[in-house]
Every structure is written in structure tokens, then in C-alpha cells.
């Protein structure tokens with residue numbers, strides 16, 4: 001009898017521990033979601049993600065996106081073009097925690113250093129040769145991990161870390177990326193720092209980058225192209 005009681009007690013404790021470990025706030029699905037006490041306010045139009053359609057009204061088109069087979073225009077300053085497929089253009093992705101992107105590169109085209117604040121990325125090269133890499137956090141010493149990828153190669157960029165892809169081949173390159181969020185977000189480092197609206201105080205950037213104010217002023221006057 002004692003053995004049965006001990007077994008039941010142990011199972012109950014394990015069940016409680018499992019519940020406590022798994023309990024957490026839902027991850028953010030956009031940059032922020034400011035709370036409102038008045039839910040009847042005209043401002044109360046957002047949720048953490050998207051509102052859901054009545055499941056009985058859903059149809060196949062809600063889960064369908066077409067056109068990723070076509071090459072994209074890479075005639076821009078970066079020589080690259082990112083076509084994202086996320087919850088904004090494929091509504092059936094809502095709550096599913098996944099999205100993807102097609103990335104086209106001209107020769108020497110660059111997908112510049114950027115981060116996805118809400119997603120890990122896994123990249124597969126379909127055509128061409130890419131030099132890819134990511135940088136670890138300050139606590140890890142900002143180590144750089146790089147690899148040259150050829151057709152069929154796969155590389156993973158951990159969530160939130162700065163990463164990039166450069167076409168080092170002499171022909172166009174194409175890659176597809178899977179991301180672990182319906183809305184992974186993207187922060188292009190150069191554009192965010194030097195192209196923010198309104199601009200960051202030049203004194204802040206001059207001290208942070210240890211450069212002259214004139215250098216910062218020149219960088220803030222550039223047109224920061226966004227390929228996403």
C-alpha cells in the first residue's frame with residue numbers, strides 16, 4: 001500500500017513540475033503590444049498576432065501562396081532581393097510559428113548584416129555559392145562563424161544573432177530560408193543605426209563607433225536601401 005501511495009505521490013509531483021516548467025508568457029509576435037485597460041476603446045484593434053477567422057469559413061486559399069519560382073529583380077545597391085512569405089501574405093500561417101523567404105543574389109550581391117528578433121533561420125542554397133556567417137553575443141566574445149555554401153548546402157542562424165549572406169560566385173545565386181516564427185521580424189543593422197527616423201543623436205554614434213562626427217553625419221545622409 002505504501003508503495004502505491006509513493007508511486008502516486010511521485011507522479012503527482014512530476015506532473016506539477018512539468019506544468020510549472022512549461023508555463024510561460026506567449027512569445028511576442030511583433031515588436032511590442034501595448035496593453036489597454038479599456039477593451040472597448042477604438043484603439044483596441046491589435047492582438048499578439050492576428051485575429052482569427054471562423055475555422056468553418058477557412059478555405060484552401062488561406063493556406064496558399066504562389067510565385068516563388070520566379071527570379072526576383074536584384075538591380076539595387078545591395079544586389080539582392082528578399083521575398084518573405086509570412087503571416088502578412090499567407091494568412092493561414094497565423095499561430096503556426098513558421099514562415100519562409102526566397103533570397104535572390106546578383107554576382108557579389110549581399111544580404112547585409114541583420115537579425116531576426118523572433119526567429120531562428122535555416123538556409124538552403126538552391127543555386128550558386130554563398131559566403132555566410134553569424135556573430136555570437138557579447139558574453140560569448142562576439143565570435144564569428146562562417147562557411148562557404150554551395151548548391152544543396154544548409155546553414156543555421158540562431159535566433160536573434162547578427163548574420164549575413166554574400167554571393168561570392170560569378171553567377172546569380174538563389175537560397176530559401178525557413179524561419180521559426182509567423183512574423184520573424186528583421187533589423188538591418190546599418191539601416192537601423194544610421195537610417196533611423198528620427199536620426200540617433202550623432203554624438204551617441206560617434207562615441208559608440210569611435211569615429212569623427214563628420215563620418216556619422218555622412219553615413220546618416222546616405223539612402224539606406226532595404227531589400228526585405
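Placed from the backbone N, Cα and C atoms, the Cβ positions cover glycine too.
Residues or ranges marked as signal peptide in TrEMBL: 1-23.
Marked as disulfide bond by TrEMBL: 33-52. Using a 10 Å Cβ-Cβ cutoff, residue 52 (disulfide bond) registers 11 neighbours.
The domain 'Cupin type-1' annotation in TrEMBL covers 66-217.
Taking Cβ-Cβ distances under 8 Å and a sequence gap of 6 or more within the same chain, the neighbours of residue 116 (oxalate binding site) are 157, 159, 160, 179, 181, 184, 185, 186, 187. Annotation source TrEMBL lists oxalate binding site at 111, 116, 121.
What TrEMBL lists as Mn(2+) binding site is 114, 116, 121, 163. Neighbour list (residue 163 (Mn(2+) binding site), Cβ cut-off 8 Å, at least 6 residues apart, same chain): 113, 114, 115, 121, 132, 133, 134, 135, 157.
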